[in-house]
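Asker: Annotations per Swiss-Prot:
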| type | residues | note |
| --- | --- | --- |
| BINDING | CYS7, CYS10, CYS28, CYS31 | Zn(2+) binding site |
| MOD_RES | CYS358 | cysteine sulfenic acid (-SOH) |
| REGION | 108-114 | region 'Interaction with target DNA' |
| REGION | 354-360 | region 'Required for the formation of a ternary complex with DNA and TBP' |
| REPEAT | 72-157 | repeat '1' |
| REPEAT | 173-249 | repeat '2' |
| ZN_FING | 3-36 | zinc finger |
Amino acid sequence: MPNGSRCPDCGSSELVEDSHYSQSQLVCSDCGCVVTEGVLTTTFSDEGNLREVTYSRSTGENEQVSRSQQRDLRRVRDLCRILKLPLTFEETAVSYYQKAYQLSGIRAARLQKKEVVVGCCVLITCRQHNWPLTMGAICTLLYADLDVFSSTYMQIVKLLGLDVPSLCLADLVKSYCSSFKLFQASPSMPAKYVEDKDKMLSRTLLLVELANETWLVTGRHPLPIITAATFLAWQSLRPSDRLTCSLARFCKLANVDLPYPAASRLQELLAVLLQMASQLAWLQVLRLDKRSVVKHIGDLLQHRHMLVRMAFQDGTAEVETKQQQPQGRGQQEEVGDSTFDLPKRKRPASPALLLPPCMLKPPKRTHTMPPDSVVTGDEDISDSEIEQYLRTPQEVRDFERAQAASRAAMSVPNPP
């Protein structure tokens, strides 16, 4: 309190100095009355020690969100609400977009890529919370190109240093199969094609697990194998009415896109089922093919663990067996094997190798032939190559004497 002054309103002596911008004021701390007010500076000499402040720094102009960023933030929130995601997911996706927008590689990108960033942030949030959402579903909602979306997704994950777990295959099956329009009768859906959702989902899960155990899923996009498994599950529940329906027509009835490799995955899955069917006693008498084996998928899935062990053998075990075979060949010849004593036509078929399809049918690669080396006989023979042919000490001594005689003959001048 300077000089014992008091507040003229309340009479309090609790006066404090308060610097309001460039003015120094004396204010009562009890009632807030301004007792004295400083004088504004009017001369340049009084402002000699002050610093100028730019307009953008004083008003916070640079901290404002641009129109494009505001539009994309609204799109992030709208996309989360369309997908019916929880509020925490929406907040996380918005924060990821704000971080991604600060990256130079994203801010300077094309408009097509910036529009994809919205879906990438939502997909990252769903993957981190184990929410079943596919990249194809996001691309369909945003009308985005799948290649651009996948490359942008990987770039954002790498630049932000995020830990994104892979989507659980069972959750993906449930989410993807729920989009099939096969569970309610409609004018475009015949009654014989309508199926119970729970039955088809449970059988599809078993078929996808079988495909995973037999290396059909590893390193491949999951949607084609899920589409093929769903088609087989749907056919096997009522085979008499549905065996004539093709995969393309099935996808058209279900109102889903047919993935390009789905037909190949279907043939691979049918080949596995045929191999398993050959191990069941009551199916060995039947001549099953890739069409008739669909009728017995229920029995094959019921005993799939045992049938996979019987129908296939591990590729690593096969290699070890081949290495151990020369060691025990003498003992096998003495004891004899009853299998090889049977006639050739009655021998049981050896189990197939349980290996990925890329190893069972490797792609053809062009091999360049090495250039043919023409040997004329006039090539120089090095000393190291000659030493390889000298076996005994006597040969070494004879070779040294021959070399000495040759040098002596070369040093003798020719007679006149």
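Any Cβ shown, glycine's included, is placed from N, Cα and C.
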Asker: Looking only at residues six or more beyond either end of the region 'Interaction with target DNA' (108-114), which have a C-beta under 8 A from one in the stretch?
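Answerer: Same-chain contacts beyond the ends: 68, 72, 144-145, 148, 152.
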Asker: Taking just the CA atoms, what is the gap between CYS28 (Zn(2+) binding site) and the residue listed as 'cysteine sulfenic acid (-SOH)' in Å?
Answerer: 85
Asker: Excluding CYS7, CYS10, CYS28, CYS31, please set out which residues of the same chain place their CB within 8 Å of the center of the CB atoms of the Zn(2+) site, keeping sequence order.
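Answerer: Result: PRO8, ASP9, GLY11, SER12, GLU14, SER29, ASP30, GLY32, CYS33.
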Asker: How does the region 'Interaction with target DNA' (108-114) divide up by DSSP, counting helix, then strand, then coil residues?
Answerer: 4 helix, 0 strand, 3 coil
Asker: Give me the DSSP three-state residue breakdown of the region 'Required for the formation of a ternary complex with DNA and TBP' (354-360), ordered helix, strand, coil.
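Answerer: Residue counts in helix, strand and coil order: 4 helix, 1 strand, 2 coil.
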Asker: Measuring Cα to Cα, how far is CYS31 (Zn(2+) binding site) from CYS358 (cysteine sulfenic acid (-SOH)) in Å?
Answerer: 85
Asker: Have a look at the recorded positions (CYS28, CYS358) and report the one with the fewest Cβ neighbours inside 10 Å.
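Answerer: Among the recorded positions CYS28, CYS358, the sparsest Cβ neighbourhood within 10 Å belongs to CYS358.
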Asker: Counting only residues 6+ apart in the same chain, whose Cβ is under 8 Å from the Cβ of CYS10 (Zn(2+) binding site)?
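Answerer: Looking at Cβ-Cβ distances below 8 Å from CYS10 (Zn(2+) binding site), excluding near sequence neighbours, one finds CYS28, ASP30, CYS31, CYS33.
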Asker: Please count the residues of the repeat '2' (173-249) that DSSP assigns to helix (H, G, I), strand (E, B) and coil.
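Answerer: Counting residues by DSSP class gives 48 helix, 2 strand, 27 coil.
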Asker: Between the binding-site residues CYS7, CYS31, whose Cβ has more other Cβ atoms within 10 Å than any of the rest?
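Answerer: That would be CYS7, with the highest Cβ count within 10 Å.
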